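Here is what TrEMBL records for this protein:
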- 50-332: domain 'Plant heme peroxidase family profile' (DOMAIN)
- 60-137: disulfide bond (DISULFID)
- 87: site 'Transition state stabilizer' (SITE)
- 91: active site, proton acceptor (ACT_SITE)
- 92, 95, 97, 99, 101, 110: Ca(2+) 1 binding site (BINDING)
- 93-98: disulfide bond (DISULFID)
- 143-328: disulfide bond (DISULFID)
- 186: substrate binding site (BINDING)
- 205: heme b binding site (BINDING)
- 206, 250: Ca(2+) 2 binding site (BINDING)
- 212-237: disulfide bond (DISULFID)
């Protein structure tokens, strides 16, 4: 049941992050949910040495307020931004750890991964937060801590749970790799076994959209899909052309962080193949967990928050390791 729940949580997260269009903003939440759910039941990860919830209380007391204000304003101006910032955190942590390497502008870097190019966004918001923080507390707050807190504030702003996020991460000085991102991030076509393998190597969706190119085969060729839903997808995604047309991962409440994604799965309304494999209706490995989250939003929220906390600890650098960058896009 632990691995099962982990897979589901991870998949929810993954869906949100495997999109390749800037408009696939809520996909980050669905994917993240699945990743987080998967992660929340993996090997227990205790607080890393150097991380604490009060790390900036005296170092930069306005840090939380600045991030919350900028994040909420960004979401108010563009509702996609909440999922984009969550996706950014996931793509950062899942490739080499939560070290802000995904922000670096460099040839062959993580931004150029097949999972990220043309779709990963939110960099301008992180830049603005960094500018505000540097003006108040120069040389104190890392880019990786900013990314982590912006993701948390995004979830809360969209109606999701909160968690006791720890701080003290430092930024990587290693050259980021698109190849590493290609290898360590999931695809929408992954099955349960693929997801288990991918997430188990780390110790361990509720919002979003995906391109027609990603769900065309499901809309026309798969049988584990509600007929009316298949027709709906076909109206969005023709057999030929329209590759960039978007379909919602959650048809009920695409812009709200809740458990409707799981309700859809139990009705065979999973947008991607890798979504619907989480619920077969025949006692599959993850069926019970999907059903639990579909009827108990509180259970999903609790597990999601626990998984987010675990994800935020992946591969962190603290103490004298890494650095505190003044420019999040710079290598050093």
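For all residues, glycine too, the Cβ spot is worked out from N, Cα and C.
Annotated features, which come from TrEMBL, shown on the structure.
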residue: 97; record: Ca(2+) 1 binding site; contacts (Cβ under 8 Å, 6+ apart): 172, 314, 315, 316, 317
residue: 99; record: Ca(2+) 1 binding site; contacts (Cβ under 8 Å, 6+ apart): 92, 144, 169, 170, 171, 172, 315, 316, 317, 322
residue: 137; record: disulfide bond; contacts (Cβ under 8 Å, 6+ apart): 56, 59, 60, 62, 63
residue: 143; record: disulfide bond; contacts (Cβ under 8 Å, 6+ apart): 100, 103, 126, 130, 171, 325, 328
residue: 212; record: disulfide bond; contacts (Cβ under 8 Å, 6+ apart): 236, 237, 238, 242, 243, 244, 245, 246, 247
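In sequence order, the recorded positions near residue 98 (disulfide bond) (Cα within 10 Å of its Cα) are 91, drawn from 91, 110, 250. Residue 95 (Ca(2+) 1 binding site) sits 12 Å from residue 87 (site 'Transition state stabilizer'), taking the C-alpha atoms as the reference points. Between the listed recorded positions, namely 60, 93, 95, 98, 237, the fewest other CB atoms within 10 angstroms of a CB are found at 60.
For residue 250 (Ca(2+) 2 binding site), the nearest neighbour among the recorded positions 87, 91, 93, 101, judged by Cα separation, is 87. Between the CA atoms of residue 87 (site 'Transition state stabilizer') and residue 101 (Ca(2+) 1 binding site) there is a gap of 14 Å.
Cα spacing between residue 91 (active site, proton acceptor) and residue 110 (Ca(2+) 1 binding site): 9 Å, rounded to the nearest whole number. Around the Cβ of residue 87 (site 'Transition state stabilizer'), 34 further Cβ atoms fall within 10 Å across all displayed protein chains. For the pair residue 93 (disulfide bond) and residue 101 (Ca(2+) 1 binding site), the Cα-Cα distance reads 9 Å.
Just so you know, the Cβ of residue 250 (Ca(2+) 2 binding site) picks up 30 other Cβ atoms within 10 Å once every protein chain is counted.
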